[in-house]
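Trainee: Below are the structure tokens for one structure; questions will follow.
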Amino acid sequence: MHSDKNKEAIDDGEEIEVADDISQFPTGLGRKYSPVVAHDVNDSVVIEMTSIHPGSSSSFPKHELKKVKVGVQPNMASEEREESLANHSINGPQRESKLELFGFDSLVNILGLKSMTGDQIQAPSSPRDGEDVAITFEQPKPTADKSGTWMGVFMPCLQNILGIIYYIRFSWIVGMAGIGESLLLVVFCGSCTFLTTVSLSAIASNGAMKGGGPYYLIGRALGPEVGVSIGLCFFLGNAIAGAMYVLGAVETFLNAVPSAGIFRETITRVNGTDIAEPITSPSLHDLQIYGIVVSILLCFVVFGGVKMINRVAPAFLVPVLFSLLCIFVGIFSARHDRPAVGITGLSLESFKNNWGSSYQMTNNAGIPDPNGKIYWDFNALVGLFFPAVTGIMAGSNRSASLKDTQRSIPVGTLAATLTTTGLYLVSVLLFGAVSTRDKLLTDRLLSATVAWPLPAIVYVGIILSTLGAALQSLTGAPRLLAAIANDDILPVLNYFKVADGHEPHVATLFTAFICIGCVVIGNLDLVSPTSTMFYLVCYAGVNLSSFLLDLLDAPSWRPRWKFHHWGLSLVGALLCIVIMFLISWAFTIVSLALASLIYYYVSIKGKAGDWGDGFKSAYFQLALRSLRSLGANQVHPKNWYPIPLVFCRPWGKLPENVPCHPKLADFANCMKKKGRGMSIFVSIIDGDYHERAEDAKAACEQLSTYIEYKQCEGVAEIVVAPNMSEGFRGIVQTMGLGNLKPNIIVMRYPEIWRRENLTDIPATFVGIINDCIVANKAVVIVKGLDEWPNEYQRQYGTIDLYWIVRDGGLMLLLSQLLLTKDSFEGCKIQVFCIAEEDSDAEGLKADVKKFLYDLRMQAEVIVISMKSWEAQGEKQESVEAFSAAQQRVASYLEEMKEQARRDGTPLLADGKPVFVEEQQVEKFLYTTLKLNLMIQKYSRMAAVVLVSLPPPPSNHPASFYMEYMDLLVENVPRLLIVRGYHKDVVTLFT
């Protein structure tokens, strides 16, 4: 390498850019940078080395290290690539590897273990498999500050859970339901969120977690379709909840400061209680104007990023906690009719009076009124109170900003859930003991009334708690939407993609637009149940995810959170569904319908991705269990299904981009009833497995894609073998498991062998048929495959069966399967039976008709006796073909005899000894000729003809058998040559 050059060509297309003077690199480095070699032919390796930070203690000379780019030739084997890259190392003298025997780079260099080297390798931005990933070795880039358990999870959850319901609805709920049922209500709703938190903790602690919170967990557990549908619903729930909290804060502010209203509206309602006070409600226009302004201000805070939110969040939370302290101090210091009429102070008598429920009619403001239109019961109170326990996902929504998701999410979320549930239980007891029932039912802000020293403190707490909850909702929703977009499932969401470490500004604008739209509606009672439903859909998804993963218990299911069980997750999911219907069956149906529509849209328009979800694990375990239950015993004919093994490229050449003859896939579909069944498409690559393993992998992917394109239910298999015969022999012995082994071999008839002088085909063809006979596999050989109709080409005429030998009913079953297809549904079946000269033709015909009747098959039966063969006229073309076959057989026989005389050996063909009787050869030729003439006579208008396959005669050369077969198929445009096996595939009995 010349020092005046900074670029060197390596092989073809490889370049390395290095410093001007590479010789100054130190040789005693404690670490070498070894390239990671990709094993995919399309992969490339990019290594970037940046200059050392000035603050480093290293003694590197101050030379700028330029980008090093190594392009790997796609056709090189992995060993050659490693050697090529090693020969062009730029790190100076490399130290000897003590693990050279194992043939791998050290784990430090491959995994980039930070604890060992201080280096980091960025994970792929998307979890989708199969993507090219550029791996960069460089100094760690400065990343955004990560949050811990307290600031990242506990505080957001606490702010989201402690909302307006506690301040302005909780005391009223205690008055309506009584202390006993209020405790039950808190436990009932709290159990739902507690069980959801346990499920969330188990999934979140089962591995590294990226952005997206519950969407990420549900998607990886239940699949991308379910994950996206529930994730988008949860996004809408968060955005709508932000509007609900903003409306609650504005309504509280306008109630506390009526003079701030631009439009004033006061409504006085007379109620049937001892304490009658005028009820004022803010104007809708005031709610809209103030709500829009507050939403815009909160969005500006969210635009500042997680760091600004973490700075602002305590300013919202601390006054809330102080207001709670003031409420409890006021309760303990309250006395009779102080600070207001109806306050009794903590009294056992009030506790007893308020223990039972007092469900009754109320007006729209919730004031008891015998003429009211709303009747409250426990179910209705569940819908009113449940939003007070939601918000447990606020911490997991920010999973991308957490230092340790596996610890922070379980600890922080569970702590916030237990804290708020304990607060609610204590508050039920205190509110029930400090006031009369009339005061509980009429004073909407009893918490402010009893607060010490001033009610204004509670007003401030209400406003700040709702604004804090709104801030957390508007923070989590955009990150959730960006995480869904980054997974690249729905192309329509590409506008919301965001790079790692960046703020989702576009998603934030979209969330603000939804929030402001809901604020404009201005109806808190309409917005609240909508967001609650979406929350419950998400909670049910989390519980179902944990239930499925825990029940399947795959080897990868090893959560650090040990306190979980699939039964708890199932109960949690059922509780979510029950609560949804208790709140509102109409909103439940709407929310589930929306989730179903999104699921349907994703399944159609979304990009397929395999995330190793629980459904795939369930399918796998179900398949294993079903396979074991089938056993290895013979399948009953009533349960017999054709499992064809389709030979994709047996004879001749196809274009390189066509892995299988197109009509073979069409024919494989014809062998299934209503598409049920499985086909195995097999192709054999000649060569050494070690040399052609990558070619086989690429061919298998191409064949799988083609099968999916042809809409054929099946799997692709590629086998590398020294030759086709050896490959097929291995396939027929080992392919399949238990009773799910292929039972029919489907291949194309080699019509081209004589035309293209492919002399090796006869031996291969006969060997395959003999292998099938030995392995007890049925055989279907398709002649005229190029003319086989597709599903849109309607056929008319007949399906003719020339039933010569007993085949277990396979030929009859194939004809019935053909009739189930649109292409052949207009055809009728004719069965031709070949009778010996001395047999009773009429008796045979009656027996066959009775047999077909018992099989529930409609067909016309025609019996042809051997005597009629001699009376058939012979076509000129057939006579010429027969004569040509005789001449070729005689010539080939003479060559074999001459070769045997020269070598002093017995007759050999294809390397095997043969014994040929010329009279027998003539008889076989004559038999196939007569059968061919009969097919041409009776089946000229047939859509397809099925005929029994004669087995290859033992000790006959393969070329002789091909002569017999060529005579049999001569001038028959579309023919299926069928050989059954020693198993019945149809049955007479029910």
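Note that Cβ sites are derived from N, Cα and C of the backbone, with glycine treated the same way.
Okay, these came from TrEMBL:
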TRANSMEM  150-170  transmembrane segment
DOMAIN    152-620  domain 'Amino acid permease/ SLC12A'
TRANSMEM  182-205  transmembrane segment
TRANSMEM  226-247  transmembrane segment
TRANSMEM  287-306  transmembrane segment
TRANSMEM  313-334  transmembrane segment
TRANSMEM  378-397  transmembrane segment
TRANSMEM  409-431  transmembrane segment
TRANSMEM  451-471  transmembrane segment
TRANSMEM  506-527  transmembrane segment
TRANSMEM  533-552  transmembrane segment
TRANSMEM  573-602  transmembrane segment
DOMAIN    662-783  domain 'SLC12A transporter C-terminal'
DOMAIN    794-989  domain 'SLC12A transporter C-terminal'
Trainee: Look at every Cβ pair spanning the transmembrane segment (451-471) and the transmembrane segment (313-334), keep those 6 or more apart in sequence, and say whether at least 3 of them are under 8 Å.
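Mentor: In contact, yes.
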Trainee: Would you mind listing the long-range same-chain contacts of the transmembrane segment (313-334), meaning Cβ under 8 Å and 6+ residues beyond its ends?
Mentor: 151, 155-156, 158-159, 162, 343-346, 423, 430-431, 434, 447, 450-453, 457-458, 460-462, 464-465, 467-468, 471-472
Trainee: Count, for each of 150-170, 226-247, 533-552, the Cβ pairs lying under 8 Å from the transmembrane segment (506-527), and report the range with the highest count.
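Mentor: The listed stretch sharing the most Cβ pairs with the transmembrane segment (506-527) is 226-247.
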Trainee: Are there three or more C-beta pairs under 8 angstroms joining the transmembrane segment (182-205) and the transmembrane segment (226-247), sequence spacing 6 or more?
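Mentor: Answer no, regions not in contact.
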Trainee: Take a look at 287-306, 378-397, 573-602 and tell me which one has the most Cβ pairs under 8 Å to the transmembrane segment (182-205).
Mentor: 378-397
